[in-house]
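K.L.:
This is the structure, below, for whatever I ask next.
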Amino acid sequence: MADPRRPARVTRYKPPTTESNPALEDPTPDYMNLLGMVFSMCGLMLKLKWCAWIAVYCSFISFANSRSSEDTKQMMSSFMLSISAVVMSYLQNPQPMSPPW
């Protein structure tokens with residue numbers, strides 16, 4: 001039995017680019033980055049420990065869902081802001097976090 005494949009018709013796979021179709025880009029890292037910054041500011045200004053911890057969580061999600069080709073400066077600044085919110089909230093009040101309800 002002969003090989004039915006035609007070598008002249010074989011084409012190499014090229015993944016679709018996000019420049020041609022912006023709907024393929026996932027907005028989750030950007031949203032989590034923004035949420036992380038908002039929660040870390042609330043944690044710093046209002047001294048809410050649970051806001052600071054949610055900011056750290058959002059920063060981790062943003063980092064985990066980001067692409068390697070993206071600029072990491074904004075992500076790292078958001079992460080450092082959330083860590084500083086946790087540190088500052090525990091430096092001002094070292095007691096364990098009380099439930100928000």
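Cβ coordinates come from backbone N, Cα and C, glycine included.
Annotations per Swiss-Prot:
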- 1-26: region 'Disordered' (REGION)
- 1-27: topological domain 'Cytoplasmic' (TOPO_DOM)
- 28-46: transmembrane segment (TRANSMEM)
- 48-65: transmembrane segment (TRANSMEM)
- 66-69: topological domain 'Cytoplasmic' (TOPO_DOM)
- 70-90: transmembrane segment (TRANSMEM)
- 91-101: topological domain 'Lumenal' (TOPO_DOM)
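Mind mapping these onto the model and telling me what they sit next to?
P.N.:
Long-range Cβ contacts of the transmembrane segment (28-46) within its own chain (Cβ-Cβ under 8 Å, at least 6 residues beyond either end) map to 52-56, 58-59, 61-63, 65-67, 70, 74-75, 78-79, 81-82, 84-86, 88-89.
Within the chain, the transmembrane segment (48-65) has long-range Cβ neighbours (under 8 A, six or more residues past its boundaries) at 26, 28-30, 32-33, 35-40, 42, 75, 78-79, 81-83, 85-86, 88-90, 93, 97, 100.
With a cut-off of 8 Å between Cβ atoms, the residues of this chain six or more beyond the topological domain 'Cytoplasmic' (66-69) that come close are 29, 75.
Taking Cβ pairs closer than 8 Å, the transmembrane segment (70-90) reaches residues 29, 33, 36-37, 39-41, 43-44, 47-49, 51-53, 55-56, 58-60, 62-63 in its own chain, all 6 or more past its ends.
Remote same-chain partners of the topological domain 'Lumenal' (91-101), defined as residues 6 or more beyond its termini with a Cβ less than 8 Å from a stretch Cβ, comprise 47-50, 53.
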